[in-house]
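Right, one structure below, let's go through it.
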Amino acid sequence: MFADLFTRFAAFLAIFMFGLIVMRHGLFQMAQERLQMLLSQLTDSAWKGMLAGMLITALLQSSSAVMVMLVGLVAARLMPFSHTIGVILGANIGTTVTAELITFQIGSYALWIVLLGVVLLLFKNATCYSLGCLGVGLGCLFLSMSGLSSLAEPVSSFTASEDIIKWASSHSIYGMSIGAILAAIIQSSTACIALAMGFLSEHIISLPTAITIMIGSNIGTCLTALLASIGTSSAAKQVAYANIWLNVFGALLFLPLIDGLALISRLLTFDPATQLAHASVIFNVVCSVLLLPFVRPFIALIEMLHGRMVAK
């Protein structure tokens, strides 16, 4: 039974990741030149950088992809480190779009969306190709979410799963740790949030626990940029470190406010999965807006903490 559940779980997770990648590819094909222009030219102020980061991440459906682009641009000296902070703050907001998207109750139409996408892929027109990728990717997301939700209850029945859930529910720090580890392993905070949505929808975990997992996943997904910065310049490494510290500061800021965030989310909607999606938006928007006025002191802090170390 365990082997069967694990196989199905891995398959649905793989479909989810495949959907993200295909949808990201389609959106990137539609706007790749504009994305490069936005990153390299429209980030001279923190506000502009945040808006550019929001837009680009919403299009790419991956904050990790944006972070890797930033590391590459800074390493190539096409963008100074100081211009990346606003983009990082915006990327944290933009990545919440996918979580909101997968809460729409259109799972019964997922196969039709995939089929429409496949048909569009048959055309040689570049726009049809991009829209086809978008359709296939979006359909795969809804298919996988339906499957993951159906597996949440049987997976939670195992003793090991029960112990992990109890541990994550016992303290916010533990829940954040689970989210960080899981996101670091699968390299996607969105996939981690999708898993939490499945368990939350089946009432296996509480909303506050799901929120702590969501916050932790923001930290765990920073590993991608850190790995991408290996072997690059000191300024490029500072981009990765800045991403980590921004998400850690956000987690510490909301650590005593988890129950309040859960209460606000419950007031906005009755659907558990949508509550978590809204909580993700609120968390990332509040953190980014609060940190935005302190961009310059934060840059100085990163250069003080990591400037000499990464230069060695």
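Here the Cβ of each residue, glycine as well, is placed from N, Cα and C on the backbone.
Note that TrEMBL annotation is computational and uncurated.
The feature transmembrane segment is assigned by TrEMBL to 6-28 (among others).
Residues or ranges marked as transmembrane segment by TrEMBL: 49-75 (among others).
Annotated transmembrane segment per TrEMBL: 106-123 (among others), in sequence order. Same-chain residues lying 6+ beyond the ends of the transmembrane segment (106-123) with a Cβ under 8 Å from its Cβ atoms: 129, 131-140, 142-143, 145-146.
Under the heading transmembrane segment, TrEMBL lists 173-199 (among others).
The transmembrane segment annotation in TrEMBL covers 205-228 (among others).
The transmembrane segment feature in TrEMBL is assigned to 240-264 (among others). Nonlocal intrachain contacts for the transmembrane segment (240-264), taken as residues 6+ away from its ends with a CB within less than 8 angstroms of a stretch CB, comprise 67, 71, 81, 84-85, 88-89, 92, 172-173, 176, 206-208, 211-212, 215-216, 218-219, 222, 225-226, 228-229, 275, 279, 282-284, 286-287, 290-291, 298-299, 301-302, 305-306, 310.
The transmembrane segment annotation in TrEMBL covers 276-299 (among others). Sequence-distant contacts of the transmembrane segment (276-299) (same chain, six or more residues past either end, CB-CB distance under 8 Å): 46-47, 50, 81-82, 85-86, 89-90, 92-93, 95-96, 99-100, 102-103, 193, 196-197, 200, 207, 210-211, 214-215, 218, 242, 245-246, 249-250, 253-254, 261-262, 264-265, 268-269.
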Distal contacts, the transmembrane segment (173-199) - CB-CB under 8 A, six or more residues away: 13, 16-17, 20, 61-64, 95, 98-99, 102-103, 144-145, 148-149, 151-152, 156, 164-165, 167, 205, 208-221, 223-224, 251, 255, 272-273, 276-277, 280
